[in-house]
């Protein structure tokens with residue numbers, strides 16, 4: 001009873017103590033709230049009295065100046081001291097508050113900066129991110145200048161303002177540079193609607209425009225402008241004058257359309273330029289400049305193409321290998337994030353789905369049994385048909401060129417006969433690629449392999465047509481060279497006869513000059529070749545634009561407006577909307593550039609025509625794509641490396657250099673036109689310049705360098721260097737392949753280790769289940785004793801630390817790993833020895849584990 005009374009008193013005292021502590025806490029809270037309200041009201045009042053910190057500083061300065069004033073009467077000193085003391089107390093409070101505010105403001109600014117830097121990682125909606133970002137930026141911009149102290153505050157604010165201005169200037173300058181890139185926004189618009197594959201063509205077109213712009217600057221600035229400004233004017237010499245027989249029709253449209261008449265005798269072509277060694281008051285060496293600019297066109301183009309290929313190769317080395325983890329690459333890297341059109345996005349989604357299906361089917365088809373002999377026969381048949389088409393197109397071009405030579409000697413020839421070569425070549429380029437694609441259906445190649453074969457066949461078609469055209473032109477050039485010998489004699493005798501007839505018997509009188517229009521002319525084969533290349537370029541431009549208008553725009557209008565009253569769905573079936581032909585347009589652009597490289601030496605104005613063609617093509621084709629074409633059913637993602645197109649361009653550049661080099665080194669120039677007239681070979685201008693304008697030792701050096709005994713070893717050394725570098729690159733590739741194999745083997749070993757570990761975990765769990773029953777049987781007496789020690793009120797006993805309240809003596813107290821730690825006096829790994837007597841009841845068991853039917857395994861009854 002006494003114990004129960006003491007316990008009741010203790011409970012009453014505890015209740016009273018709890019009530020008193022609650023009252024104290026409530027009083028403290030009320031006091032803190034009152035203090036906080038008073039401090040807030042004081043801050044508001046102080047904010048009203050001193051709204052800005054500049055006013056505080058001005059007041060402090062005024063108070064300091066009052067201290068430094070002159071001494072006056074004693075009463076005035078005392079009044080001033082009292083006023084300064086009261087003011088100093090107030091100012092100290094204000095300064096302490098301002099320091100606290102600055103510290104809090106600094107923390108807030110740092111928090112806002114941290115929030116701005118980590119805004120992308122927040123799992124918020126975009127609207128919330130933008131609003132919070134704007135608020136944080138405004139807060140930082142408003143209060144960041146207040147982090148300084150005293151006089152350094154304004155300097156710090158000025159520095160921060162200038163730093164922000166500089167960052168803004170750099171950002172605006174980068175935007176300005178982006179805006180200065182030609183057609184950047186137009187290409188981005190095309191890319192958002194049609195994907196990066198279509199935009200890659202326009203990027204390549206812009207790159208070609210830049211290259212041609214540089215070439216035009218070289219030719220226009222170093223050849224055309226000096227000749228027009230400092231050379232002989234039009235009509236002063238025969239090569240710059242229209243012959244008398246052609247003057248009547250020199251301004252007709254049909255004549256000008258064929259680049260005859262006044263256009264033929266203009267600065268657009270080779271024959272207009274004079275062969276004087278120096279012209280004008282600058283003593284400008286025009287023949288040397290013409291030759292060096294013609295060589296520099298090929299040199300600059302070669303340098304730019306190789307540099308672009310090297311840059312693309314360096315960028316492509318950072319890409320991952322697509323041979324491993326094909327489905328992972330397709331899952332995580334197939335999407336084109338620049339797509340902004342819903343229709344294109346749907347097509348891209350369908351393309352990714354199709355690519356997954358193709359990847360699955362490829363593996364299945366590789367294991368299929370098919371009729372190999374039939375497949376080989378069809379592929380051989382398709383290649384034979386395509387070779388026949390290529391040979392037929394080459395023969396047709398050769399026949400047409402030879403026929404045009406006969407037409408050129410006739411009079412009153414029609415428009416078709418004059419332009420038959422250009423029309424036939426354009427039609428072959430238009431209809432042969434679809435024919436190749438139809439024949440390629442017999443081969444049943446994979447689409448990627450079939451695309452490569454198609455590009456190779458179109459390349460062979462264009463190349464064969466171009467070189468057939470050049471061979472036919474060479475026959476024409478040889479005929480004109482034979483004709484030049486006759487015309488040269490006629491011209492010489494005409495000038496001599498005019499001189500004799502005009503002078504008469506009086507030898508002192510100077511004969512009047514012969515009119516340049518009456519002088520007999522040679523055929524000037526360089527100008528003839530230049531005219532043919534200009535005609536090809538112009539006809540290619542017209543055919544391209546007409547094809548876009550008829551095949552894309554008119555077709556789209558027909559499908560769009562006639563679909564409502566037609567028998568079937570024109571949009572889904574035939575003819576449907578046209579798709580943009582990327583490969584055909586790129587190959588056409590490459591071969592057009594090859595014609596420009598070959599023809600620029602004979603027609604310096606051809607590069608200007610090509611610049612206008614590329615400029616108009618950018619706007620015209622962008623309009624046609626956006627208005628008349630639809631996205632591809634399979635939107636391919638453009639690769640970072642365009643080395644395939646660059647490789648074709650490099651090959652065309654090399655093949656374009658060969659005819660020009662042959663004419664420079666082998667054929668004699670015309671005797672009455674061009675800057676090299678009167679010389680045996682065109683390259684003689686270099687020897688003439690070295691002999692007349694350089695010292696003798698320079699001429700000797702060049703003669704030694706031009707010796708074939710030095711050129712041939714230099715070429716062999718270059719070949720050996722190329723072979724060595726190729727061998728080193730192949731060795732590096734093999735080393736990279738070996739490293740990839742080792743990495744793959746290491747990944748497989750790690751994967752096997754994980755799999756073995758995962759497979760061993762169930763075995764360990766089974767072993768755990770085998771070990772737990774004995775420990776449970778040994779722990780049951782302790783659990784019963786603990787139950788007896790329970791409190792009489794029925795409260796549960798105190799649970800000892802462990803997993804899920806398991807006792808310390810249990811092997812499960814430390815989790816799964818603790819199940820394998822046997823308790824003391826238990827030896828799990830010791831086998832039962834034969835011939836050992838079982839212990840008496842009450843004695844400790846040496847093994848401790850109940851044995852089953854098989855010693856050391858199973859769950860049997862204990863055997864004593």
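Quick reminder: no glycine exception, Cβ is built from N, Cα and C everywhere.
In TrEMBL, annotation is done automatically, which means it is predicted and not curated.
Pulled from TrEMBL, these are the features on record:
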{"type": "COMPBIAS", "residues": "1-10", "note": "compositional bias 'Acidic residues'"}
{"type": "COMPBIAS", "residues": "29-76", "note": "compositional bias 'Basic and acidic residues'"}
{"type": "COMPBIAS", "residues": "743-753", "note": "compositional bias 'Basic and acidic residues'"}
{"type": "COMPBIAS", "residues": "779-790", "note": "compositional bias 'Basic and acidic residues'"}
{"type": "COMPBIAS", "residues": "803-817", "note": "compositional bias 'Gly residues'"}
{"type": "COMPBIAS", "residues": "822-832", "note": "compositional bias 'Polar residues'"}
{"type": "COMPBIAS", "residues": "855-864", "note": "compositional bias 'Gly residues'"}
{"type": "DOMAIN", "residues": "524-639", "note": "domain 'TMC'"}
{"type": "REGION", "residues": "1-100", "note": "region 'Disordered'"}
{"type": "REGION", "residues": "743-864", "note": "region 'Disordered'"}
{"type": "TRANSMEM", "residues": "207-229", "note": "transmembrane segment"}
{"type": "TRANSMEM", "residues": "288-306", "note": "transmembrane segment"}
{"type": "TRANSMEM", "residues": "380-401", "note": "transmembrane segment"}
{"type": "TRANSMEM", "residues": "421-442", "note": "transmembrane segment"}
{"type": "TRANSMEM", "residues": "454-474", "note": "transmembrane segment"}
{"type": "TRANSMEM", "residues": "601-623", "note": "transmembrane segment"}
{"type": "TRANSMEM", "residues": "644-665", "note": "transmembrane segment"}
{"type": "TRANSMEM", "residues": "701-725", "note": "transmembrane segment"}
For the domain 'TMC' (524-639), the averaged pLDDT of the predicted model is 86
Counts by DSSP class (helix H/G/I, strand E/B, coil) across the domain 'TMC' (524-639)
82 helix, 4 strand, 30 coil
Please count the residues of the compositional bias 'Basic and acidic residues' (743-753) that DSSP assigns to helix (H, G, I), strand (E, B) and coil.
11 helix, 0 strand, 0 coil
Go through the chain and flag residues at least 6 beyond the ends of the transmembrane segment (454-474) whose CB is under 8 A from any CB in it; none is fine as an answer.
386, 389-390, 393-395, 397-398, 401-402, 421, 425, 428-429, 432-433, 436-437, 440, 529, 532, 536, 583-584, 587, 591, 594-595, 598, 648, 652, 655, 659
Within-chain partners of the transmembrane segment (421-442) [C-beta distance under 8 Å, separation at least 6 from its ends]:
378-379, 381-382, 385-386, 389, 393, 396-397, 400-401, 404, 450, 453-454, 457-458, 461-462, 465, 469, 532, 535-536, 538-540, 543, 547, 584, 588
